[in-house]
């Protein structure tokens, strides 16, 4: 059974098909999942993710069931595999926002329903699908190729974008602080994919080098949820990595800025630049709804073929 845990498990054709279907559903809503049920499991708080999934299944004709950590026996020691067997047998889809990616893997092994990664410490694939739809809408993908820079932390967003760019054949540059590293295993996977797709991928510690000649600039919060006690240290380590007017001037003239939100002005992005690109950033957030719709339909179709 097909799950959506990481973009590593999806081909170029499948990823682009998801984005194209999302674009179609945005223009012409359809109730394609009448009476289907989505279980939403959250170990971490969420605004945009919960709204996107709950609205997506509802507008497609189904219903959502919200489950926080306090609602589950997992918090009392029940094995993940037992919870997966129960929930996976009762619903049509399971969406999970978890602290550890291993929880997703374990749940997917035992679930009879497809499992969707709505964020783990390693990957955030639904966000990248939303980003890709936004890039398509702003005409920043020429002949199937986008020129993208990621500036910031070597986190789940960076990992997911690295994988997507490698599979899709993009020109993709990463700039992270010197004492930060990309997972060697994820980097190796991306390099192998780049050989197949023709992607041009680079890694540096200089944001200006990464931004040169790019049409899309992506950044993310420096202090992720659960890292609040590391805020002071991380702000020092990321000094010089803010996306401001000077940084954007190095990118191509009409480059767009993407941010998965929440954004902290004065840290990863300046107030002026954020507001200048607010239209695209908030449309990026809205686009999560449509890519989730496309993803749910895809997984339902895959399950129907089994």
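Our numbering is plain: 1 for the first residue shown, then up by one each step along the chain.
Here the Cβ of each residue, glycine as well, is placed from N, Cα and C on the backbone.
Summary of the site annotation: Swiss-Prot records L-ornithine binding at 220, 224, 225. Screening the candidates 156, 287, 301 against this entry identifies 156 as the one listed for that site. Surrounding the centroid of the Cβ atoms of 156, 220, 224, 225, where the record places L-ornithine, the chain contributes additional residues within 8 Å, namely 119, 124, 153, 155, 157, 221, 227.
In the structure as shown, the Cβ atom of residue 225 (L-ornithine binding site) sits within 10 Å of 13 other Cβ atoms.
When secondary structure is read from DSSP and collapsed to three states, residue 48 (carbamoyl phosphate binding site) falls in the helix class. Overall, the recorded L-ornithine-binding residues 156, 220, 224, 225 cover a maximum inter-Cα distance of 12 Å.
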